[in-house]
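Remarks on the structure that follows.
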Amino acid sequence: MTITDFRAPLPPSAGIDLDSPAIPFTRLVRVELRKLVDTRASFWLTASIGLISATIMVAMLIANRNTPENLDLGEFFGIMNIPTAIILPVLAILLVTGEWSQRTALTTFTIEPRRERIIGAKLATAMIAAVAAVALALILGVIGNGIAAVAYGDPAGAWELGSAGFVNSFVIQAFGLLLGFGFAALILNTPGAIVAYFALPTALSVLSELVPWFKENLGQWVDCTLTQMPFQSNEWASGGEWARLLVSAVVWVAIPLGLGVVRVMRSEIK
Amino acid sequence: MTMDAMITVQNLTKRYGDHVAVDDVSFTCRPGQVTGFLGPNGAGKSTTMRIIAGLTPATSGTAQLYGVDYRSIPNPATQVGVLLDASAQHAGRTGAEILRLAAMTMGIGTERVDEMLELVSLTPEEAGRRVRNYSLGMRQRLGIAAALLGDPKILILDEPANGLDPAGIHWMRTLLRDYADRGGTVLLSSHLLHEIEIIADDIVVIGGGRIVAQGTKAELLAGAGSRVRSLDDETLLRALTAAGIVARPNASGGLDVEADSVEVGRAAAAVGVVLTELRPADGAQLEEMFLQLTADTQREAPVLQGASR
């Protein structure tokens, strides 16, 4: 259509068409993925995951030049996941709270007024980012390990990476990201959500120290530092450990996220 | 509701605690017409428009588009174009990127983005700039482009002329006139009577959350009374007042009368006062009416005499 067509009469069906197709969920996810990289701030935050991982790879190669036994795939992969675990939750928080701090929620929820679908698309986008971050850590780990194998020779460059270690890394990443996401949906404010996310483990530790009853009874079920501990290894967690992780996820992820969705659905968008 | 109305607001009320932002508001917008929503700042215009667009829940009453709620329209931006706040955009995004994101969500081709940028006279260089470097006028043009992106049948624009220069306001009048002439429905708000007078066909005046006047522009102008000059204004004023007609002296001479010319002429003839001028009140009179109608709710008390040009 050209500008002159702007003067052409509208179609005679003057009323509102209720039969036109809804916006597919996949399209909402694609738009949210695009938002991860379409401003300078969001681009560099997203890119920093790759940049920091690459920096770590180089730093590990240099720092361990006299201790090549420390260079294997598991080491590379494990250490690269540490900065990612800090950045991903922040990314997830900004994905949600950015709509409020930048006031773009007004446009977003006007184009798709079914707000729960936007939240769902953002959650899917955050999970895709987590999968991509873990995959990137694996790829860079393989590259770093390959370099170590060639440069330093045996014992550097062992390729063992158990599937347990891999799954555990992903579980930890996903847990942190969902935790951030849920707090973001509940608090709808960037600094508030970030502070709450980072203060929670400390607050629970302090509570454990001050209230022995909490430590002995509830702590092992709701203190997410404790429930995540078994997943910071290359061993499969036991059924009980999975159960504790799930309980802490319900308390710190499902409940805030559920309340947050209700809040977003009911709130006034200004 | 009348089925030819594209926007129907019925007994709409919005309370924030004890404060009533929108108080039992009812009006309709017809296709082919530009409806001007006029009222001072804080009168309830934006709240009403946000309720129509499904962003603010109403306390009671309804706001529907051709019989349905905004939220139940699939892919609504392709049928209803909305601009509520031109500044509510990510400052770090470029103008073109904001339109591309919207087009992507709506599922329309990005070539439409370039057409809309051209329509609102944003050059490719301007469209490539980040919105934080935009003037308010440029943001308004971008917002109008975004509202028109999905080729909607209805346009809802909150203070779109804010920040536009006189040439920009004239441009927008032409744009909205063309849009209405091809069958579109436009609801646009303003706190400036002048803008509404230039652009709108129908006018809804709101003050303190309540509708205080509505009708076609012609009706409201006609309803604004008469200007009269005579050889003996004092006698005429007494005669009009005795006849139960509200009249007051105008600062520039003569009387402003809240009655049509026939009634004024009849009252003058009865007391034998010679009229030197008698005509329906002009636009300035409408402004006076607007100020009077909203006087109770104005944040600053209007100076009626000074305001009438």
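Backbone N, Cα and C atoms are what each Cβ position is placed from, and that goes for glycine too.
Taken straight from TrEMBL:
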TRANSMEM  A:43-64  transmembrane segment
TRANSMEM  A:76-96  transmembrane segment
TRANSMEM  A:123-150  transmembrane segment
TRANSMEM  A:170-188  transmembrane segment
TRANSMEM  A:195-214  transmembrane segment
TRANSMEM  A:242-262  transmembrane segment
Could you name the stretch, out of A:43-64, A:195-214, A:242-262, with the greatest number of CB pairs under 8 A to the transmembrane segment (A:170-188)?
-> A:242-262
With the cut-off at Cβ under 8 Å and a gap of six or more residues from its ends, the chain residues touching the transmembrane segment (A:195-214) are 89-90, 93, 179-180, 183, 187, 222-225, 252
The answer for the transmembrane segment (A:123-150), taking Cβ pairs under 8 Å and residues 6+ beyond its ends, is 25, 29, 32-33, 36, 46, 49-50, 53-54, 57-58, 60-61, 64, 68, 71-73, 76-77, 80-81, 84, 87-88, 91-92, 95, 156-159, 161, 166, 169-170, 173-174, 177-178, 181
